[in-house]
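So that you can see what the record holds, here are the features copied from Swiss-Prot:
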- ALA2: N-acetylalanine (MOD_RES)
- 2-190: topological domain 'Cytoplasmic' (TOPO_DOM)
- 7-112: domain 'Longin' (DOMAIN)
- 127-187: domain 'v-SNARE coiled-coil homology' (DOMAIN)
- 191-211: transmembrane segment (TRANSMEM)
- 212-221: topological domain 'Vesicular' (TOPO_DOM)
Amino acid sequence: MAIVYAVVARGTVVLAEFSAVTGNTGAVVRRILEKLSPEISDERLCFSQDRYIFHILRSDGLTFLCMANDTFGRRVPFSYLEEIHMRFMKNYGKVAHNAPAYAMNDEFSRVLHQQMEFFSSNPSVDTLNRVRGEVSEIRSVMVENIEKIMERGDRIELLVDKTATMQDSSFHFRKQSKRLRRALWMKNAKLLVLLTCLIVFLLYIIIASFCGGITLPSCRS
């Protein structure tokens, strides 16, 4: 899965969170949240560490953050964050401004996970952003090294256990293989039916030629 972690927070207060990998991602993200300026409420940011990029969307007094593989680009992760932002505000609105930590986690972590899988496996989902003309805005977001906001003593090495990611990739591979086998089986079944009909038709033509015509008059007497 290309997007492996997501969180919705108010300042440093985490309201909902989901991780598809094990490791210390949550600890690194909390350090990032601590370093974000509380005075800025609307912005897009990107910070890289190792082979991952932290994509950040700040809007409506909340922070929407996801971590994705650095080869996945920026458009789809930000499309994911826009979708999460829309769904979160629709479900909770201003309630989130006073909610305690993890108040929405039981319900919304499932949404984070479902949309994470959808956007990771459907790279074309950023089409809407292209129509909206947001591509140029996303391109203007510079990917900064995480050291830009982290002081030397604050930085935590990002440790990600890829086992979960590999298991997830294996699951998707098996799912795609099963779908492909089903499609090939259907294709072969259709071909077999067509071939059977063709053989029956040819046999009928041969029998008809020996029996005096289409109605087989010679063979009836």
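From the backbone N, Cα and C atoms, a Cβ is placed for every residue, glycine too.
For the recorded site, the residue listed as 'N-acetylalanine', the DSSP three-state label reads coil. Summarising the environment of ALA2 (N-acetylalanine), the number of other Cβ atoms within 10 Å of its Cβ, over all protein chains shown, is 21. Per-class residue totals from DSSP over the domain 'Longin' (7-112), listed helix then strand then coil: 45 helix, 36 strand, 25 coil. Shown for the topological domain 'Vesicular' (212-221): DSSP residue counts in helix, strand and coil, namely 4 helix, 0 strand, 6 coil.
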